[in-house]
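These come from Swiss-Prot:
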BINDING   PHE27, ASN129, PHE329  substrate binding site
ACT_SITE  ASP80  active site, nucleophile
DOMAIN    155-303  domain 'TRUD'
Amino acid sequence: MIEFDNLTYLHGKPQGTGLLKANPEDFVVVEDLGFEPDGEGEHILVRILKNGCNTRFVADALAKFLKIHAREVSFAGQKDKHAVTEQWLCARVPGKEMPDLSAFQLEGCQVLEYARHKRKLRLGALKGNAFTLVLREVSNRDDVEQRLIDICVKGVPNYFGAQRFGIGGSNLQGALRWAQTNTPVRDRNKRSFWLSAARSALFNQIVAERLKKADVNQVVDGDALQLAGRGSWFVATTEEVAELQRRVNDKELMITAALPGSGEWGTQREALAFEQAAVAAETELQALLVREKVEAARRAMLLYPQQLSWNWWDDVTVEIRFWLPAGSFATSVVRELINTTGDYAHIAE
């Protein structure tokens, strides 16, 4: 298995170095649900600004304030503790009057707005996130500048970030031990983390191998192509390759890579043979995913940060802004810009 730090770069290994997250204010995340609260219903959506608090801790504190069980407070995704983040929490309060949430007090947190909503906010039910990052102590400004320009055109690999695999790769190591021993794992959280790490590592490996090709974004026979921004996909045939390539070049279509698991992976012929060869040595992880009935899926191979802009405060400090769809990693963008000091693994997804 390729170590995360050794995964293939789309733009070559960065020449410069820099510091990511010198302080929480250098990593700002604003959640984008993609919809507005209904204004009625038995749930309350609460938009929180937080600094120095993890999502679960704030959710539990909100439940205590509302005098409801912790399981009645949900959220679309975990946000990093060591960052400034805006996100929505959802509390189910059937039959109760609208509480005064301006009275909710928690160090490092501020209620920005709240409103009634008809449905529970479920994990993953967000459109994306807007990021504002500050990179400090940057060396080789010219290289970073050129990479930002190139990323606007060619994107970055859509790798799962190091945080998916746990500190020191602990989640992936857990998955490997589970695969090798076949010992039942009772802890639901561990099961989820380990299976996710296993599938993500296999995806990363397939993408890393594809990026070694001279023409990375070239459609091959049997590729599974996805409409940009959509989850559905279809298989490319030899007769269609030229037209499909034009649509890929226009970013209308995205080439996908496998999230291996049980069932068919989605690619056929040449593309399927390539993907299978890329992870052929990882028989234990593949068998684990099949045994635990984790269904195979597809994910775009490349990621195009939207609304990408940047501003150099001085020759060694740059502020970068961009928007990413749900499930994508800001650290996968930063990885193509600089060799960072510090460990990505502690950054929440």
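Heads up, the Cβ atoms here are built off N, Cα and C, so glycines get one too.
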Determine how many residues of the domain 'TRUD' (155-303) DSSP places in helix, in strand and in coil. 73 helix, 24 strand, 52 coil
I need the CA-to-CA distance for ASP80 (active site, nucleophile) versus PHE27 (substrate binding site), whole Å please. 9
Please work out the number of neighbouring Cβ atoms within 10 Å of the Cβ of ASP80 (active site, nucleophile), leaving out its own Cβ. 20
Would you count the other CB atoms within 10 A of the CB of PHE329 (substrate binding site), including those on all shown protein chains? 21
Per DSSP, to which secondary structure element type does PHE27 (substrate binding site) belong, with helix, strand and coil as the options? strand
CB contacts for PHE27 (substrate binding site) [other CB atoms within 10 A, all chains]: 22
ASN129 (substrate binding site), DSSP three-state class -> strand
Measure between the Cα atoms of every pair in PHE27, ASN129, PHE329, the residues the record assigns to substrate, and report the largest value in Å, rounded to a whole number. 13
So, three-state DSSP: helix, strand or coil for PHE329 (substrate binding site)? coil
For the domain 'TRUD' (155-303), provide the mean pLDDT of the predicted model. 93
